[in-house]
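Just below is one structure, and these are the notes that go with it.
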Amino acid sequence: RHGAGKAEDTSRTSPFHLDLWFYFTLQNWVLDFGRPIAMIILPLEWFPLNKPSAGDYFHMAYNVITPFLLLKLIERSPKTLPRSMVYVSIIMFVMGASIHLVGDSVNHRLIFSGYQHHLSVRENPIIKNLKPETLIDSFELLYYYDEYLGHSMWYIPFFLILFIYFTGCFTPVPEESRIPVAALLLLGPSSLYYWYLVTEGQIFILYIFTFFAMMALVMHQKRKGLVLDSNGLFLFSSFIITLLLIAAWVFWLWNDKILRKKYPGVIYIPEPWAFYTLHVNNLLPNKESF
């Protein structure tokens, strides 16, 4: 499908990939969003703190299934896409997601010991009293691998692959620029997941640059008489709704002084799990039974 003989042909179009987009949405919600929830809900006796949690196994499955779905999505593009860039991106994606698996596993297990995600590493009560103090540096290194290096190597290739695929989602037939009814049912869950991805991953700059690149490409292709096909329209619409959800999230928590302290930069976008440990976790009865 990626042979040299496959010339770029904007007259070719792809039907809406309902199966792939459904699998994407399902596994994103279950294996990514659902992994910390599974870790908290399932009895601690099943997954001791010194062993991988249920969420870790979810993460392992995500690290295998997502690259496969991304490759299948690229294969269905009607346009010849750069194979080398796709393959390198997939490799980087797997490396970043695997690094994140380790760091995120330890960080989420620390919740059971009283770790509070709305505080920095050194401000956490269970961390700042560690002896010797050099242990705090080790936890900060773990946080760096989880929240910075792991996220960068995970999300940059992920959004790059989506954008590469998006470049092939144009058609000269205006009638094909519509979202099927079945796809409308996926639009909400897909957009809500991207909201979680951007806010929890703290990747708003990466997301907004990808979105602006999509907008620029749409306007450029429009001058050539091309419009988005159903797949491109679905992806672009998901990003638009995601931006609205992020704006609503920030507006809701705009005056939260504690979260403001945790996220002091110009771009203020709190993490959902920081909100959970600050405002929800303390309200739950019998927290020790989780």
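Each residue's number is its place along the chain shown, starting with 1.
Cβ coordinates are placed from backbone N, Cα and C, and glycine is handled just like the others.
Remember, TrEMBL labels are computer predictions, not curated facts.
Note that the structure is predicted; figures quoted are calculated from it, not measured.
The transmembrane segment annotation in TrEMBL covers 20-42 (among others).
The feature transmembrane segment is assigned by TrEMBL to 57-74 (among others). If one looks beyond the transmembrane segment (57-74) by at least 6 residues along the same chain, the residues whose Cβ comes under 8 Å of a Cβ in the stretch are 17, 20, 23-24, 27, 30-32, 34-35, 38, 81, 86, 90, 93-94, 97-98, 100-101, 104-105, 158, 161, 164-165.
Marked as transmembrane segment by TrEMBL: 86-103 (among others).
Annotated transmembrane segment per TrEMBL: 148-167 (among others), in sequence order.
Here TrEMBL flags 179-197 (among others) as transmembrane segment.
The transmembrane segment annotation in TrEMBL covers 203-220 (among others). Beyond the transmembrane segment (203-220), the same-chain residues lying 6 or more positions past its ends with a Cβ under 8 Å from any Cβ of the stretch are 151, 155-156, 159, 162-163, 166-167, 194, 197, 228, 235-236, 239-240, 242-243, 246, 267, 269.
What TrEMBL lists as transmembrane segment is 232-254 (among others).
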